[in-house]
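Novice: Pasting in a structure now, in C-alpha cells, and then I'll have a few things to ask.
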Amino acid sequence: MTQVFINGARDEPNVREFESLDPSIQELILAATEARKQAYCPYSNFAVGAALRTSDGTIYSGCNIENGAYATCICAERTAAVKAISEGKRDFVACAVVAQQDNGFTTPCGVCRQFLSEFVNGKDIPLYAAKPTNLPLRVLCTSVLQLLPNGFSFLNGK
C-alpha cells in the first residue's frame, strides 16, 4: 500500500481539508497563523502560533517566546492559555496550533498537553494542527485528551 503525503504529513482519516472545516474552526486556525508571525525564536528558528477559543466564543492567541535561559521559554499554546486565564477565562472549547514541520504536523509538547488538560474541565476539546502554507491546506483534527491519555490531575476525581 502506498502512503500519500500531503504538506509533508501522511494523509490519515483524521486529516481534513481546511476548506471543509466549519468557519469557526477556520477562524481559529487563521488566528493561530497570525499569532505565529509574532514568534520570538532566535535560537530554534521554529515559530509556532496557537489560538484557544473559550466557551463564550472569545479567541486568545499566542506565539512561542524563547530566551537564552532555555527554561524560561514559553510555548505558543501556554502563551494563549495564560492570556485567557489572566482575563478570567478558564473554559476552553477548542485549540489550534500552526507551525512548519516538514514531516508531519506540530502538536503541543508534553508540557503544553498537560497544561491544557487542566482546563478542559473533565471533557475533551478538539485540537487542530496545521502548517502556515497557502490554501488549500490540510489540517490534523485530534483532541487534547487523544494527545494526552490518562493525564495527571488532582481535579475531577483523577
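The backbone N, Cα and C atoms fix where each Cβ goes, glycine too.
TrEMBL labels come from automatic prediction, so no person has curated them.
According to TrEMBL, the feature domain 'CMP/dCMP-type deaminase' maps to 23-155. Residues or ranges marked as substrate binding site in TrEMBL: N64, I65, E66, N67, G68, A69, Y70. Look at TrEMBL and you will find C75, C109, C112 tagged as Zn(2+) binding site. Per TrEMBL, the feature active site, proton donor maps to E77.
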Novice: Quick check for you: of the binding-site residues N67, G68, A69, which have their Cα within 10 Å of the Cα of C75 (Zn(2+) binding site)?
Specialist: none
Novice: Quick check: of the recorded positions listed here (E77, C109, C112), which one has the Cα closest to that of I65 (substrate binding site)?
Specialist: E77
Novice: What are the other residues, in sequence order, whose C-beta lies within 8 angstroms of the center of the C-beta atoms of N64, I65, E66, N67, G68, A69, Y70 at the substrate site?
Specialist: Y40, Y43, T72, C73, I74
Novice: Can you list the residues of the same chain, besides C75, C109, C112, whose Cβ falls within 8 Å of the Zn(2+) site's Cβ centroid?
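Specialist: Neighbours within 8 Å of the Cβ centroid, excluding C75, C109, C112: A76, E77, R78, P108, G110, V111, R113, F115.
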Novice: What average pLDDT is reported by the model for the domain 'CMP/dCMP-type deaminase' (23-155)?
Specialist: 91
Novice: Pick out which of the binding-site residues I65, A69, C75, C109, C112 has the most other Cβ atoms within 10 Å of its own Cβ.
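Specialist: For the binding-site residues I65, A69, C75, C109, C112, the Cβ with the most other Cβ atoms within 10 Å is C112.
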